[in-house]
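Enquirer: Mind looking over this structure? Questions follow.
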Amino acid sequence: MSSDEFNAFITETTAEGDTDDESEGRLADKTIAIKDNISTKDIRTTCGSAMLADYVPPYNATVVDRVFDAGATLVGKTNMDEFGMGGTTETSAFGPTKNPVDPDRAPGGSSGGSAAAVAAGDADIALGTDTGGSVRNPAAFCGVVGIKPTYGLVSRYGIVAYANSLEQVGPLATTVEDAALLLDVISGPDSQDATTNDGGEGSDYAAAADGNVDGLTVGVITDLIEGADDEVVDAFEDSLDELEAQGAEITEISLESLEHAVQAYYVIAMSEASSNLARFDGVRYGPDTDTADGNWNDDFAAVREDGFGPEVKRRILLGTYALSAGYHDKYYKKAQDARAWVKQDFDAAFEDVDVLASPTMPVVPPQLGESLDDPLQLYLMDANTVPVNLANLPAISVPAGEVDGLPVGLQLIGPKFGEETIIRAASAVEQ
């Protein structure tokens, strides 16, 4: 490993996998970096927060057991936006991660450390989590491949939850085939996570990376192009030309519900965060406090004041407000109604096309520090990725050219458990 010049890691370590049989596992020759909200036994797991700076889990997440069983070697736990709340990996209590493509720019987030570790060559593959684009965003900004699986394909057991109904563990790698191989290893039902199922049974994701898109119908989501930078759109259209040249049919499609997707996503995600982060109270989790009168309420407030950063506090407050008496129907219920509309729009679209496409991110990687003073702009940057999480669908980001030397990502979205199809299309772009 390098000297971690990009601050991609919170904890550097070496832990070797142990295959179940005498043959080598599928990841036996791979080094892996794991996002620091995924539990690793006897290795601290901080979530990028001062609240969990010294937390050491007593067990592995299911995905960690699976990569170890496949023979992978862990090289470290990666930096991330605090509790996954951010899109640039600048809200971490351990400092920002730099983009290996341009160290003055953000690597994306919240899985920015994982993407940067892969882009810098410090790990062959990596695991991140994707709640609203947190695998695909940094994959696009760092010029690597990132997959957000169908909700339920990969176990969430051992993940420190931000928004349960939205997040999934996803792979990052330099090639589509390696990302697909890692997905093969981590996917499948888990008795410890009731949200998993066997929808991907019989799939071979690595084998699907064959580049064969002859006859594939690709629907371009026009709603997700309108707000993108012109240069990003140009690179996106070049990648569509590549697909068309290899036999794919390109058509345009509009999804009216996406106009409300960002607002719905943030109401739902912040509401779930308000609930999930209530456990960090200084008793079960969090740093010790010693208030003068021993008042529990004062202790609780002091722990959360010191332990959480500004962005986490902002989202907890907004989520609590959305769930409070008198506002639940006005905000949370409307957000859930909008989510149902987004799902219906996607389902209808997939009756006519095999894959949907958009730029992964509407902009190139921002300068470090550029977005911290404007949270609303940071939220709007997620416009192309959050609809996929609302609809619980699979998506992949694959490099699709550059703008002034900065990477641009192509996002390909599939129907539920359509990972093989989007992997096949992504590999065609890669070739």
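Glycine is treated like the rest: Cβ placed from N, Cα and C.
Because TrEMBL annotations are produced automatically, they should be read as predictions rather than curated entries.
Among the features that TrEMBL reports, region 'Disordered' is placed at 1-26, 85-115. The domain 'Amidase' annotation in TrEMBL covers 21-422. Annotation source TrEMBL lists active site, charge relay system at LYS35, SER110. Under the heading active site, acyl-ester intermediate, TrEMBL lists SER134.
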Enquirer: Suppose we draw a 10 Å sphere around the Cβ of SER110 (active site, charge relay system). How many other Cβ atoms does it contain, all chains included?
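Expert: A count of 34.
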Enquirer: Are there any residues at least 6 positions away along the chain from LYS35 (active site, charge relay system) with a Cβ closer than 8 Å to its Cβ? List them or say none.
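Expert: Looking at Cβ-Cβ distances below 8 Å from LYS35 (active site, charge relay system), excluding near sequence neighbours, one finds LYS77, THR78, MET80, SER111, GLY113, SER114, ALA126, LEU127, GLY128, THR129.
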Enquirer: Can you grab the distance from SER110 (active site, charge relay system) over to SER134 (active site, acyl-ester intermediate)? Cα atoms, rounded to a whole Å.
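Expert: Rounded to a whole number, the Cα-Cα distance is 5 Å.
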Enquirer: Quick check on the region 'Disordered' (85-115): DSSP residue counts for helix, strand, coil, in that order please.
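Expert: The breakdown for the region 'Disordered' (85-115) reads 4 helix, 3 strand, 24 coil.
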Enquirer: I'd like the number of other C-beta atoms within 10 A of the C-beta of SER134 (active site, acyl-ester intermediate), please.
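Expert: By my count, 37.
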Enquirer: Could you tell me which three-state DSSP class the residue listed as 'active site, acyl-ester intermediate' falls into?
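Expert: In the DSSP reduction, the residue listed as 'active site, acyl-ester intermediate' maps to coil.
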